[in-house]
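Residues or ranges marked as domain 'Cytochrome oxidase subunit II transmembrane region profile' by TrEMBL: 24-122. Per TrEMBL, the feature transmembrane segment maps to 44-70, 91-112. Here TrEMBL flags 126-238 as domain 'Cytochrome oxidase subunit II copper A binding'. Taken from TrEMBL, the feature region 'Disordered' applies to 296-329. The compositional bias 'Basic and acidic residues' feature in TrEMBL is assigned to 300-312.
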Amino acid sequence: MSGGKMLRQFHFWVLAALATVLLSGCGSDYLVLNPKGPVAETQYNLIVISVILCAVIIVPVLAITAFIVYRYRDTPKNKAPYKPDWAHSTTLEVIWWGIPVIIIAILGYFTVRDTYVLKESPNQEVKPITIQVTALDWKWMFTYPEQNVATVNYLEIPAGVPVRFQVSAEAPMNSFWVPELGGQIYAMSGMATELYLQADEPGEFQGFSANFSGEGFAHMQFKVVAKPQNEFDQWVQQVKGTAPAMTKQDYEELKKPGLTENKMYSAFPEGLFEEIVQKYSHGHDMHHVMDPVAPAAQTGEKKEETSHETHQMSDMSNMPGMDHSGMKH
């Protein structure tokens, strides 16, 4: 067998193996590409748009590179034109600068549009349920302020209902992520970040910690179960009737570094999440972040609140040491 034929066969098997590896990631186990809610669907569409726009640049560049390598190969029979004095082409400059600029502008438009859309509830006609998420070492605690129940490493939500997550941490910075329902958001001590998610249909989903936080990081997983509203209500009543109430001592034990099994509590100390956030907030007013009242209900208070916050921020700017570098995590 000639050397050229052996080389071609080698290239074939390498490409076949590469294709097998790449295609193996297209199954349903690749959670990001298996959206189960409107937020995840929007983000999935943005991923597809980004890939297509990137391919518009990458595919022609790779094709032109392969053509140039073949067309101008160093062989005695190659008759490709040789132009050592060629220096500039306005047409080519417009093409290889203009196309990327247009693509970046298009990608920027879709990214900005979806970023602002996803800041709001995915269904404005349905009242969202509020769930407070606290990242601990190395476990997740979920408190339901409206239902007054709490869980650890287990999250139950009503299907078809937007969920407003308020996310914080009493531990190193972490990241809350349910890939099939939407993107991740950081959990940071001293502040409450906000994320809207929704499951379209009943089902079970896997939640993860997406930010390294120490020895038990790999085990910071939790199950998410979406049920019809009536079954969710039944679950709440079941927890209230069978699970113990969480005490301050229970929470002190929970926040110690270590792993734990799923837990449920029929009640939890009032204001626990707010206390966790304010413990590291250095006096910042967190009311506007943690108030579960819908924005529409606050219309009458908007002017007064804005004036109060502006005055407060003015006072804080004059305080020594009040900058981002002084925040404790």
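In case you wondered, yes, glycine gets a Cβ from its N, Cα and C as well.
Counting only same-chain residues 6+ beyond the ends of the transmembrane segment (91-112), those with a CB under 8 A from a CB of the stretch are 46, 49-50, 53-54, 56-57. Looking just at the domain 'Cytochrome oxidase subunit II copper A binding' (126-238), the mean pLDDT is 95. For the domain 'Cytochrome oxidase subunit II transmembrane region profile' (24-122), residue counts in helix, strand and coil come to 68 helix, 0 strand, 31 coil, using DSSP.
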